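Student: Take a look at the following structure, please.
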Amino acid sequence: FCSQQEHAYPADELMPLTCRGRVRGQEPSRGDVDDALGKFSLTLIDTLDTLVVLNKTKEFEEAVKKVIKDVNLDNDIVVSVFETNIRVLGGLLGGHSVAIMLKEKGEYMQWYNGELLHMAKELGYKLLPAFNTTSGLPYPRVNLKFGVRHPEARTGTETDTCTACAGTLILEFAALSRFTGTSVFEEYARKALDFIWEKRQRSSNLVGVTINIHTGDWVRKDSGVGAGIDSYYEYLLKAYVLLGDDSFLERFNTHYDAIMRYISQPPLLLDVHIHKPMLNARTWMDSLLAFFPGLQVLKGDIRPAIETHEMLYQVIKKHNFLPEAFTTDFRVHWAQHPLRPEFAESTYFLYKATGDPYYLEVGKTLIENLNKYARVPCGFAAMKDVRTGSHEDRMDSFFLAEMFKYLYLLFADKEDMIFDIEDYIFTTEAHLLPLWLSTTNQTISKKNTSTEYTELDDSNFDWTCPNTQILFPNDPMFAQSIREPLKNVVDKSCPRGISRVEESLGSGPKPPLRARDFMASNPEHLEILKKMGVSLIHLKDGRVQLVQHAVQAASSLDAEDGLRFMQEMIELSSQQQKEQQLPPRAVQIVSHPFFGRVVLTAGPAQFGMDLSKHKAGTRGFVATIKPYNGCSEITNPEAVKEKIALMQRGQCMFAEKARNIQKAGAIGGIVIDDNEGSSSDTAPLFQMAGDGKNTDDITIPMLFLFNKEGNIILDAIREYEAVEVLLSDKAKDRATIFKGKMIPNYIIDSNLEMENMDQKSSENDSHKPNSEEAPSESQDAGAVSEEPDGGGESSTVGDPDPSSPASTDSASVSMADQDSHAPGPAEAGAPEPACTPEDSQPLEQNTQTESSSKAHWDSKVQPMESILADWNEDIEAFEMMEKDEL
């Protein structure tokens, strides 16, 4: 927190790799992810009540004064209604809740007079124009100054929103109404929830991911408990707990029965179609569903909570972090990890419910992994790829708002807390709202008598808000007995029985035409496709795109056959792409003062040393070659010999560059993109292809860095001259890198004692994130080979959207020609909030960032010495140790 304030304030978020603030409009656009940023000091507001949980009352008091003095909520900027509600409105209300609690105790905040609540009310009124729809569902975005549909608002034309976006408002809006006595906020939030409930699919009692805000039609008809829906279910149950309205509990129970009937396939939670709930919509899971075991604890259904949590923990032990998405056989699907807190949240609630010390060990693993792999000089950096350990210059506000809070509470004893946490309920952003609001300013009728609820025979419903002493009468072995059969679930290949996925694609009904047999030139095949409602479109680049419209099928049975065919085609396309691709590699800066903490995502080469087979990697100091393009004989071989050569992309083939530097004695090469401002944050990665000839003569490793990542190395050379890097298949443990040497404690010490976290958090501050799930574009590694003019990259087909067939009305998939270059993986991306359906489109190889500005250490960024000022003693001691060794 102190690091964020030192390097980023008043910006919304900290960029922990470059040690500066992220200001919207000054950094390359990240798409929907940036809709959380409103130039209102997001991280400061989101962290307020965390400071009190950590017993940092003095820091909290100063932070509140900063918010009151500096934060402006009247900015001409378009923001996400959902993110602004849970992070900013929730942060202000959580801050107000603990402020009045501290004031009542009589030692702190005696001057406080509801200023945060006044700001919350101002913000609430700024969000209300978004609800100006016939349905009562809010627009997904609003302009803080001009609202929606105003000529200057630049928003209000959207037609769709995700279910969670519209259904995650009731806690904050109702609390605002109860605190202020102004009922309009709670009324609007209730109306939105009522509309979603009325539009549920009546036969399955499930809701889709995306809904039309004007008509109420489901746009995306797949349903699960992860991205796009997750917190809708959470807020139904928590609204009952906070507001005491039985209708919310009855709705939740109805949905929960459907979830356990169709979506839950222990220990998995798989999306299904709302109209055909026995048919799985996809064969992968996203990381946001990790909150669900915690919600099941609150509901009282402990067994499936333990099962799913254990499965997720096994995935974490395999990859150090939970990938943004992973398949049913636990392979990485999207490789990012923006330091999401949902798994820590569920771990905390399971420990509260069971008292099993196993969950303390789980928490310890999370802390160790954060300190070991994510901690960087100015904070904690999101993982760009859990397979390589590369970082992203990103630390979302939810990391401090939620992750720190849940991990501290996991280890805190009752006497460590200055207030009783049981008097509060957590919002989806872990903000604290007092339970006494249920009896304050009740202006809304509690019971929706116009709605009939399904009678459910489920004994689990007796245990909502359970008494753990009844559920677990001092039996610490209860949870272990459930976990035991799952302890090897990830290491084994599909230990469960045949799921509905295998059933639909394997022994179950099969389409009359199988995907593997399809030929676009076969007239009979085209006739079968037409009967199934599948049309074929020839794209300009030689590929074909398949689109299914169920209404065009000859019959409902043919439409189902078409849906199965599309699912098979997506699976086949994905499998073929993964067979051709190479995973991304890592460039790790290991010299002073980085010591392995900065990891850059690099594109692999289809020639030269295979780093995946040389686990130690290639380590050496870097040197810039002459000529810089590496397209002719190297004129400074004495500077390059036994070093890793840096060169610029363009003007000749990659393989030619590799041969020239190898001849000069280089032990490896890094090609830096010549497109100003390009970055792996916003552009798909790609593989460097050969020159069409035999490349067996190239034996050194070659990696590719985009312009932004390459400049980090070039700037480091200007600052420190001697810069040493490690080229590898994935980031190495710093203890391994410095084996045999004395390492400063901050590099390898990851055994954070939580009982002393109050003291250590202040020490850690100086070293110190998808939106809901609004992460960035998928990172594809397509193969390109350079033409002599440097501009001959070939475009590739990205993965078709795995959720495309989710709608029985329309589904599409693109297929590459057999001659195309290797398509890239979609793993490194992140699930979008699904506010609009995605079509399968070719991914351009050279996506440009919106801004070409570079991050220079000497201009935008403080010198590394000042950033590491509080580490100087350790660094000097380390250097002395090295000298003694020599």
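Glycine is no exception: its Cβ is also placed from the backbone N, Cα and C atoms.
The model shown is predicted, which means the values in this text are computed figures rather than measured ones.
Copied straight from TrEMBL:
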- Glu83: active site, proton donor (ACT_SITE)
- Asp230: active site (ACT_SITE)
- Glu324: active site, proton donor (ACT_SITE)
- Glu342: active site (ACT_SITE)
- Thr428: Ca(2+) binding site (BINDING)
- 625-712: domain 'PA' (DOMAIN)
- 757-771: compositional bias 'Basic and acidic residues' (COMPBIAS)
- 757-861: region 'Disordered' (REGION)
- 799-814: compositional bias 'Low complexity' (COMPBIAS)
- 822-833: compositional bias 'Low complexity' (COMPBIAS)
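Tell me about the surroundings of these features in the structure.
Tutor: Of all the Cβ atoms in the protein chains shown, 28 others lie within 10 Å of the Cβ of Glu83 (active site, proton donor).
Around the Cβ of Glu342 (active site), the same chain contributes Ser287, Leu288, Leu289, Ala290, Phe291, Gly294, each under 8 angstroms and 6 or more positions distant in sequence.
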Student: Under 8 Å Cβ-Cβ from Thr428 (Ca(2+) binding site), six or more apart in the same chain: what's there?
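Tutor: Set apart from Thr428 (Ca(2+) binding site) by at least 6 residues yet with Cβ under 8 Å, we have Ile86, Thr168, Leu171, Ser231, Glu234, Tyr235, Phe291.
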Student: Helix, strand, coil: count each for the residues of the domain 'PA' (625-712), based on DSSP.
Tutor: 20 helix, 17 strand, 51 coil
Student: Return only the integer: C-alpha distance in Å from Glu324 (active site, proton donor) to Asp230 (active site).
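Tutor: Here the two Cα atoms are 15 Å apart.
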Student: Between the Cα atoms of Glu83 (active site, proton donor) and Asp230 (active site), what distance do you get, rounded to the nearest Å?
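Tutor: So the Cα of Asp230 (active site) lies 14 Å away from that of Glu83 (active site, proton donor).
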Student: In the predicted model, what is the mean pLDDT computed over the domain 'PA' (625-712)?
Tutor: 89
Student: How many neighbouring Cβ atoms, not counting its own, are there within 10 Å of the Cβ of Asp230 (active site)?
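Tutor: There are 27 of them.
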